[in-house]
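This report concerns only the one structure given below.
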Amino acid sequence: MSVDFSKNATERPEPCKAEIKGNIPSWLQGTLLRNGPGIFTVGDTNYNHWFDGMALMSSFTFKDGEIIHRSRFLRSDTYKANMEANRIVVSEMGTMAYPDPSKNFIFKAITFLNHTMPDFTDNGASNFIKYGNDYYATSETNYISKIDPVTLETLEKVDYLKYLPVNLASCHPHYDKEGNAYNIGTSIATKGKTKYVLFKVPAVSDKGKKGPALKNAEVICSVPCRSLLMPSYYHSFGMTDNYIIFVEMPFKLDILKMATAYMRGVSWASCLKFYPEENTLIHLVDRKTGKEVETKYYTGAMVLYHHVNAFEDDGHVVFDVIAYTDNSLYDMFYLSNLKEKSQFDEKRVSKPAYKRFALPIHADKSVPVGGNMVKLKYTTASAVKEKEGKFMCQAEVLCEGLELPRINYDINGKRHQFVYGNYVGDSVAKFDMETKNMVYWDEDKCLPSEPVFIPRPNGESEDDGVVLTSVINYNPGQSSFILILDGKTFKEVARAYVNTELNKDMHGFFIPH
């Protein structure tokens with residue numbers, strides 16, 4: 001299947017009713033938001049990396065058995081500046097923007113200074129975040145954009161730095177039962193220190209006070225970076241009822257090299273480097289005290305983007321991730337590498353491995369050096385005591401080929417049985433943790449998005465609900481569609497043809513009505 005990932009999308013902001021085949025469950029009421037890059041060429045300039053493309057937001061609203069679709073480009077400052085200049089003038093991680101050769105020296109000098117001390121893009125093309133009662137399009141910089149989840153209009157640019165000391169932030173927060181949001185950001189060289197900042201955004205801001213919920217953000221904990229000017233990259237983290245799990249990988253962003261990247265004619269992404277000879281450090285933070293546990297946990301070098309889930313069991317914190325042996329996945333998404341290639345090329349990228357780690361919370365001093373501290377019977381994950389207070393952890397590999405994992409979020413932080421995800425790029429799958437069985441949905445010349453599980457109200461089991469995935473249909477004369485799968489059987493319940501092109505995206509967020 002030949003896919004052109006560099007083709008510019010076309011927005012369709014007006015609501016359009018989809019053509020439904022099958023029966024949509026009457027209880028399914030809400031809006032699925034999807035976000036991803038949609039513009040890759042502006043004038044005669046092009047983005048180098050697929051992640052760099054300007055954001056296209058899409059929505060699928062389920063109401064009374066009908067589905068309404070619409071899409072709109074995020075009107076970020078980046079979008080406005082690029083469109084006004086008819087060229088890419090704002091740099092992204094994988095694409096350095098240089099001024100028009102016709103511009104004068106002063107303009108070029110200002111552009112150089114802006115890249116030496118970079119003011120990052122506000123092109124939020126990765127996901128959506130809910131803070132308080134507001135929804136934001138986000139990437140991983142200090143800027144997020146408030147949007148109207150109904151019309152997809154861009155409402156307001158918000159800078160994390162006005163409320164928290166973070167220059168970068170994850171696009172995968174967690175939410176507790178009360179609706180409070182938890183996230184992590186990186187504070188670069190603040191007062192001579194680089195650190196990771198774990199923070200909480202309360203569900204509802206104080207009555208009578210205007211402004212974003214971020215105004216009431218609380219810092220839970222600051223974790224020092226083990227390399228002063230080389231913080232670890234991260235895309236997500238794990239959370240249980242009592243702990244936050246942050247994995248500090250030897251996949252690092254060199255801040256000094258970033259400062260000179262523009263002058264050297266290279267992208268900021270070239271300043272990201274994987275150090276396979278170094279260990280991965282696992283931080284376990286107590287949510288209530290805001291302190292990191294005294295035990296130090298290590299594992300071998302790895303790169304991970306997505307946590308699956310985490311839970312506590314019999315004195316252990318168990319957490320699941322999708323891990324790689326190197327950073328080749330990012331390189332694969334350079335548009336030059338994606339041409340005429342399927343999404344996953346095994347010769348180019350290491351295969352994603354679903355790994356389970358188990359961390360003993362309290363050290364058992366009766367266990368000798370070299371002994372395994374993990375006492376759980378259902379996993380082969382180990383934590384070997386190297387010395388008092390230091391454990392070397394080895395994961396259990398549960399399966400391979402699964403990415404973009406989603407669970408029934410109602411049991412986030414609890415032990416789960418089922419995981420939904422993309423399987424090697426061109427199918428969606430349901431994985432059973434107990435039986436290790438995997439079932440799939442795929443269709444010829446169709447490319448499904450990240451699947452999102454929606455639980456049935458008052459459901460009887462963990463997988464009682466439906467799975468939603470938007471599907472790009474490359475069959476001639478056929479429309480793309482939103483697919484509804486039964487969460488239990490993984491059989492098709494319904495599909496809705498949208499009579500317009502859908503574009504490959506990254507992540508989605510479901511808002512129940």
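Each Cβ is built from the backbone N, Cα and C atoms, and glycine gets one as well.
Record features (TrEMBL):
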- H172, H235, H306, H507: Fe cation binding site (BINDING)
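Features per TrEMBL, on structure.
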| residue | record | Cβ within 10 Å |
| --- | --- | --- |
| H172 | Fe cation binding site | 19 |
| H235 | Fe cation binding site | 15 |
| H306 | Fe cation binding site | 20 |
| H507 | Fe cation binding site | 21 |
Using the Cβ centroid of H172, H235, H306, H507 as the reference point for the Fe cation site, which residues of the same chain not in that list have Cβ within 8 Å? S126, N127, S170, C171, S236, Y305, H307, L404
